[in-house]
């Protein structure tokens with residue numbers, strides 16, 4: 001096992017150990033025991049930067065189930081190390097922050113167990129090379145995030161948010177699994193880097209488009225893109241450390257990682273480029289618009305997170321256009337990848353800090369309601385400084401890092417509207433328009449976030465707690481992030497060569513990537529767009545009280561949340577009614593549905609798939625065989641029309657004995673003897689049972705009832721006959737009987753082939769069948785014994801009552 005494997009497994013192991021430590025060290029905050037884990041992992045991944053910076057990749061294999069191609073393979077390149085550093089780096093700061101945020105009276109054992117479980121799952125997602133292993137870790141992130149969001153399970157809103165996130169992300173996970181299976185079938189491999197290497201062949205597969213759609217669904221649900229974004233605002237009911245971790249740097253970025261990782265596979269598709277870019281931009285616009293009307297600080301950050309995720313998603317779509325050009329023109333669109341990678345880091349820094357400050361404000365004032373907050377500038381000066389730096393970075397104001405990636409984003413959007421491919425040079429004009437409008441509202445909610453907390457009139461009577469500055473433990477992590485916002489804004493070169501360029505190379509497949517970010521590079525269309533954003537943003541701020549009423553006037557019934565809640569309300573009743581319509585307690589009705597579907601599926605298959613009948617190897621039919629068949633048919637018909645149960649059982653026995661005679665004709669004496677014995681026993685049991693059964697009324701059967709029975713019976717008979725003839729006439733493989741003939745003696749040392757097959761070749765099958773019969777027999781015996789005890793107890797009670 002390599003160090004890379006240990007890095008993934010380590011948080012999962014400690015997730016099991018930490019709750020045990022909590023029992024013995026309750027006087028010490030459990031976070032101090034957890035903190036070294038992400039710190040050590042962060043240092044380890046930092047040591048690997050030199051490897052990925054030089055263009056090398058690391059592949060580590062650990063055999064698990066190699067016979068089905070399912071191994072614990074890890075793949076480290078510039079993209080995966082970027083996400084690994086975010087997961088462990090932000091994770092370290094979140095754990096440090098949680099020590100000040102969560103008191104010792106909380107269920108810290110559970111909290112840190114869930115947090116480490118999530119951290120290990122995220123590392124597994126970004127480092128796994130095997131598609132099935134990646135999917136398992138993907139679902140583990142959904143499960144662990146459900147536990148984290150519902151941590152305060154006494155609150156109904158927490159349970160509701162956790163359930164919603166689980167339902168939507170698991171739906172995406174199932175779609176993702178389907179996409180992975182299809183793409184692995186198309187590429188004949190479960191290895192992600194092998195599939196990317198064979199992208200040119202996979203793109204011609206008929207499964208390509210279906211795999212692409214399913215994988216996009218998985219990515220969109222995880223990264224909260226329109227229309228699946230509705231789970232993220234409700235997930236804000238989680239403790240603030242969870243929100244700062246999951247919704248700034250980790251879980252919501254998993255979908256972005258997936259899109260970036262599989263871009264080399266799907267970038268050739270016009271549908272991929274248009275869908276990824278357009279969905280991202282619509283998400284940016286819609287979420288930024290909704291963020292402006294939120295009355296809860298976390299609500300603002302939730303929708304701002306959705307909008308920023310849409311922004312990064314659209315950048316990845318723009319970058320995919322580079323696969324259709326070469327040379328300098330390709331470099332123009334690779335700027336989309338570099339902007340996406342750089343903004344991934346920038347968003348983690350400023351959004352993580354903003355979540356932590358929001359938690360600090362909530363912690364010291366007791367509320368996040370913007371109507372009750374305000375005037376905290378002099379009371380919380382350190383928090384104010386951090387908020388100004390990070391919120392202005394989110395708004396795209398220099399000299400902070402958010403401005404640099406926003407400029408590159410606008411530059412890429414303007415360039416794409418001139419691309420002479422997939423009609424982007426005509427229809428692509430919608431891209432920069434959506435980008436600019438979304439950025440205007442981003443500017444508005446970023447400035448309003450500062451004003452809501454620190455400006456206006458202080459209302460001490462409206463606050464549940466007396467406001468004061470947060471503790472140093474709660475401020476240390478956001479201070480570090482705010483410093484990084486400034487440093488990366490002034491010195492972007494610290495990231496470009498070590499992080500941005502290797503990650504961009506991993507996505508684009510080009511080795512000569514040159515990522516450059518400058519605070520000012522002349523009067524360009526992107527800079528002019530920025531000026532427009534600032535001017536219109538200021539105008540909207542000045543007229544905020546007028547136009548915000550229009551947003552609040554939106555009918556609730558037109559929202560996606562209303563549709564989600566309505567579906568959750570009515571779906572169980574609808575499903576129950578549908579189920580009750582065919583699962584009504586009548587065996588006959590269930591059989592009609594089952595056999596009816598069998599007939600329909602068989603007919604559709606026969607009409608769509610060519611087949612033929614081949615009778616060349618069929619032996620001659622003798623007169624005595626025809627006689628037995630006629631007897632069998634007559635007996636079966638008499639079973640159906642019999643008026644007496646006794647006569648029906650006798651005719652059923654005739655059917656069974658006729659089959660045993662046919663086995664004798666076909667030279668299968670063992671089968672004939674078995675059939676004869678079974679038929680004799682079953683007939684005797686039937687007669688014994690019927691002797692004890694009460695007389696039942698015979699219901700009048702309608703004509704439609706009889707007609708349905710007749711059609712189903714005839715249909716099933718024809719299906720079995722046709723399938724049997726087709727199977728006989730279309731033998732594409734050597735009969736397995738030849739294998740048994742060749743090895744029945746030398747492997748099993750037996751001469752009776754049937755017995756050897758049952759006892760040796762299919763011995764386990766026979767054993768389990770016998771076990772099932774034994775269990776059924778025990779069940780019947782238990783029921784009879786309990787009935788006898790019940791009857792005897794009733795007799796005793798009656799005797800005592802008489803006495």
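Just so you know, the numbers here start at 1 and follow the chain as drawn.
Any Cβ shown, glycine's included, is placed from N, Cα and C.
According to Swiss-Prot, the feature transmembrane segment maps to 1-21 (among others), an assignment based on sequence analysis.
The transmembrane segment annotation in Swiss-Prot covers 30-50 (among others).
Sequence-distant contacts of the transmembrane segment (117-137), counting only residues of its own chain at least 6 positions beyond either end whose CB sits under 8 Å from a CB of the stretch, comprise 4, 7-12, 15, 37-38, 41, 59, 69-76, 79-80, 83-84, 87-88, 91, 144-145, 147-148, 173, 176-177, 180, 183-184, 190-193, 195, 245-246, 250-251, 254, 257. What Swiss-Prot records for 117-137 (among others) is transmembrane segment, and it gives sequence analysis as the kind of evidence.
What Swiss-Prot records for 166-186 (among others) is transmembrane segment.
Listed by sequence, the residues of this chain that lie at least six past the ends of the transmembrane segment (265-285) yet keep a Cβ under 8 A from its Cβ atoms are 183, 195-196, 199, 202-203, 208-209, 212, 215-216, 220, 224-226, 229, 259, 306-318, 320-324, 416, 422, 430-431, 434-435, 437-439, 441-442. Under the heading transmembrane segment, Swiss-Prot lists 265-285 (among others).
Annotation source Swiss-Prot lists transmembrane segment at 300-320 (among others).
Feature annotation from Swiss-Prot assigns transmembrane segment to 337-357 (among others); the stated evidence is sequence analysis. Beyond the ends of the transmembrane segment (337-357), by six or more residues, the same chain brings 82, 86, 90, 93-94, 97, 240, 243-245, 247-249, 253, 256, 260, 298, 301, 304-305, 308, 311-312, 315-316, 319, 322, 383, 386-387, 389-391, 393-394, 400-402, 404-406, 408-409, 411-412, 449, 474, 477-478, 481-482, 484-485, 488, 492, 495-496, 499-501, 503-504, 507-508, 513, 515, 517 to within a C-beta distance below 8 angstroms of the stretch.
Taken from Swiss-Prot, the feature transmembrane segment applies to 377-397 (among others), supported by sequence analysis.
Look at Swiss-Prot and you will find 522-542 (among others) tagged as transmembrane segment.
Within the chain carrying the transmembrane segment (621-641), a Cβ under 8 angstroms from the stretch's Cβ atoms is held by residues 647-648, 651-652, 654-655, 658-659, 661-662, 665, 713, all 6 or more beyond its ends. For 621-641 (among others), the entry in Swiss-Prot reads transmembrane segment.
As annotated by Swiss-Prot, transmembrane segment applies to 671-691 (among others).
Per Swiss-Prot, transmembrane segment is recorded for 764-784 (among others).
Beyond the ends of the transmembrane segment (300-320), by six or more residues, the same chain brings 223-226, 229, 232-233, 235-236, 243, 247-248, 252-253, 255-256, 259-260, 263, 266-267, 272-288, 290-291, 294, 333-340, 343-344, 347, 351, 354-355, 358, 394, 409, 412-413, 415-416, 431, 435, 438, 441-442, 445-446, 448-449, 452, 507-508 to within a C-beta distance below 8 angstroms of the stretch. Among residues of the same chain six or more beyond the transmembrane segment (377-397), those with a C-beta under 8 A of the stretch's C-beta atoms are 304, 308, 346, 349-351, 353-354, 357, 360-361, 364, 403, 406-407, 439, 442-443, 446-447, 449-450, 453-455, 458, 467-470, 475, 478-479, 481-482, 485-486, 489, 530, 533, 537.
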